[in-house]
Structure formats: structure tokens, C-alpha cells
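Accompanying notes for the structure given below.
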Amino acid sequence: MVTINTALCKNSTRVMILGSGELGKEIAIECQRLGIEVISVDSYSNAPAMHVSHRHHVIDMLNPKEIKRCINLEHPDFIVPEIEAISTNALIELEKNGYNIVPSAKTIHITMNRKLIRVLVSKKLNILTSEYQFASSFDELKIKTKVIGYPCLIKPIMSSSGKGQSVIYNEKELRHSWEKSQTYGRTSLGEVIIEKIIPFDFEITLLVVNSVDGMHFCLPIGHRQEKGDYQESWQPHKMDNVIFEKAKKISKKIVSYLGGYGIFGVEFFIYKDKVIFSEISPRPHDTGMVTLISQNLSEFALHVRSFLKLPIGKIRQYGPSSSVVICGNELYGNKISFSNIECINTNQQIRIFSKPNIKGYRRLGVILDQDETIERSLRKAKKTASKILIKT
């Protein structure tokens, strides 16, 4: 029997969210709907999830001492990482001391490190990936890129949202790419992964829910990125059912090995009849924002239900839906305002993230849309997003 103790009472059920961005905000809202006490944590003040939490803390998320101090102060029942920039060694130690890490400290540790997850998937689980090499110095990078060939993609082994990544076409670009990876990676580990750029027809995110009543799959989500950063997504993505079943089978194999209750976002490249593994996130995925309008249970509701050990049942998808980001570009300041919001059409919704400032470019919200076809839905959502006026 699952018991939830009311927030702010002496015996309250507490969830601590490590990372308080727009994804953490939606997780916090789902917890609030269930009367759970929410504590959000991030490295900066006034992060989105902090607006809808009972309490918050601002700490260095990569400092294991600060992570442990914060958690031992609050004694949460569930610790829910929402970002990559976290001391995973601290989480492993905390789990050994009895804390419940979602989905598990081992899973967080493996999936936040591109080297660990790529070797696991390709070598241990024998799943198809793009060709890759690793390098921990500039001299080694020069050698390994010759093995992979040009063009290739260079990424820090720990980063997200395209940070520190670059596509290089010749040896002259190596120095800049290496320096970028060292500057913008999430930690100072220094190591990078070099990936062969492969042809593909499209890429998808497959949301997989591991729960007490089995493993559940959302319909495939298509998405478009720029410089590794999500711009728009849609559900369902049209694809051959045989290929979809193959993606589900691969996802199940990976998630079953990793273990733990929660939602996983598995990214694939699809080329002809090949399903090629790209990455996996053990938490709600930014491309999954579309599920706020496309499903009876969003990815955030699914995540919370699963780690609380509540049954998921049947996930219903409502038809062609899309999500398009509202971006601030070449803007600076901490007084962000949005106008012309009344341009939103029927069957559309808006989410404004409430990020406290902007320094050049930043995702600040999304337009959610439903229509008879994906093409119509995307077209409408992009048109509406372009009409939202942002000032600082």
C-alpha cells in the first residue's frame, strides 16, 4: 500500500529535486498535486522549480559535501535528479546510507557519463551505436579523429543541451573544438567522445516508464535540434511499426539492465531498417514537453507516479501534437516580460518557465498545440511562438 503524508506536517512525504529548471518545475507541480512536500535545489537563485516548491536551496551541485549537507538537512524520502551537473559519487554514498535516489544512483552515474553508457550499450548489451573513440588530451584527440575520420562530432563525456559539442570537418578545427569541450563541459574531467557522423532518416525520443505494473512505452516523439539544443518536438512521429517495435525492444533491454523506477528518454537515429542508439536520460526529457498536451499523463506525471510505486495503467495519446520553444535571442537582463500572449489559438497552451535572467540566448517557454496532422500542428505552434514578444 502506497502512503503519502501531507506536506508541511511532521511526517510529510518529501521529494527533493536536484536541478530546478523547467523540467524540475513540472515535476514539482506533479508532486504538489499529490500533496507532497517539495524541496528544489540548484546552483542559482529563483530557478523555475523554486517558484512552485515549499523550500529551496542554492548550492554547488558538483560539490559532494554540499550535496550531502543539503540532503542530510532535509531528509527527503525521494531524491530526484533533473540535470547532469551533479556529484554522482555523493549520490552513490547517500544511497548506501539509505536514501532513495530516483531511479538509482548507479543508473544516474552511468547515464550521466557518455563513456560509461556508450561502452555498456555497445559492448555489454551488443546494441548498435555510431562508431566512436575517446580522448583525454589534445594529442590523443588528433590521433583518434584520424581513426574515426571527418566529419565527426566531439562531445565532453559529461555535458547536456549541446554544451561543449562541435562538428569538425578537418584537422584545423581540432584545437578550437578541444578548447570548447574543456570550457563548456559540465565537469573538469577533460575526456571527450569522438563520434562518427552517420546518415539517418530521422531521430526519435522513446519515453519508457519502468513501474510496478511493468514497462510502458509512449508513442515515438520526433524532434529537431539546433547546435544540440531542442527547438521543437511532435508526437506521434510517423514510422514503420516494425522499426518502432525494434526500438521498444532495444529500450527495454537497456532500461531493464539499468533498473530503477522512473521515466527514461531513449534517443535513437533511424536509418532505413536500422535503429541506432544515441543517448539515454533517466528522467523526463526536454523533447517530452509535448506530452503536456499530447497524453492523459505527461512524462512528468509518469515519472512521479512510477517512483512513488503507483501503477501506470494505460497511457492514452490524444493525437497529433507539437511543442515549439519560445526563445530569447540576443537579450540581456533580469527583467524579462512576455507580451502578445493573447495570440494563442484554440487547442494551444503556453508554458512560461520563469527563468530569472537571460544572457544572449535562452529557452524561456513553449507553445503546445494539437491538430488533425503533425504538419498543421507544428506550423501553428511555430507561428504562435514567433508572435510572442520578449523584452528585458
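Cβ atoms here come from the backbone N, Cα and C positions, even for glycine.
Per Swiss-Prot, N(1)-(5-phospho-beta-D-ribosyl)glycinamide binding site is recorded for GLU22, LEU23, GLU82, ASP286, LYS355, ARG362, ARG363. According to DSSP, LYS355 (N(1)-(5-phospho-beta-D-ribosyl)glycinamide binding site) is assigned to coil rather than to any helix or strand. Same-chain residues at least 6 positions away in sequence with a Cβ under 8 Å from that of LYS355 (N(1)-(5-phospho-beta-D-ribosyl)glycinamide binding site) are, in sequence order, GLY21, GLU22, ALA47, PRO48, ILE336, ARG362, LEU364.
Taking all protein chains in view, 21 other C-beta atoms sit within 10 angstroms of the C-beta of GLU195 (ATP binding site). Look at Swiss-Prot and you will find ARG114, LYS155, SER160, SER161, GLY162, LYS163, GLY164, GLN165, GLU195, LYS196, ILE197, ILE198, GLU203 tagged as ATP binding site.
For GLU267, GLU279, the entry in Swiss-Prot reads Mg(2+) binding site, with the evidence type sequence analysis. Less than 8 angstroms from the CB of GLU267 (Mg(2+) binding site) sit GLU203, ILE204, THR205, LEU206, PHE277, SER278, GLU279, ILE280, each of them six or more residues away in the same chain.
The feature domain 'ATP-grasp' is assigned by Swiss-Prot to 119-308.
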Residues that sit under 8 angstroms from LEU23 (N(1)-(5-phospho-beta-D-ribosyl)glycinamide binding site) by C-beta distance, when 6+ apart in the chain: GLU82, ARG283, PRO284, ASP286, PHE300
Rounded distance in angstrom between the Cα atoms of ARG363 (N(1)-(5-phospho-beta-D-ribosyl)glycinamide binding site) and ARG114 (ATP binding site): 24
Cβ packing number for GLU82 (N(1)-(5-phospho-beta-D-ribosyl)glycinamide binding site), 10 Å threshold: 26
Mapped DSSP class for ASP286 (N(1)-(5-phospho-beta-D-ribosyl)glycinamide binding site), helix or strand or coil: helix
Integer average pLDDT (0 to 100) for the domain 'ATP-grasp' (119-308): 94
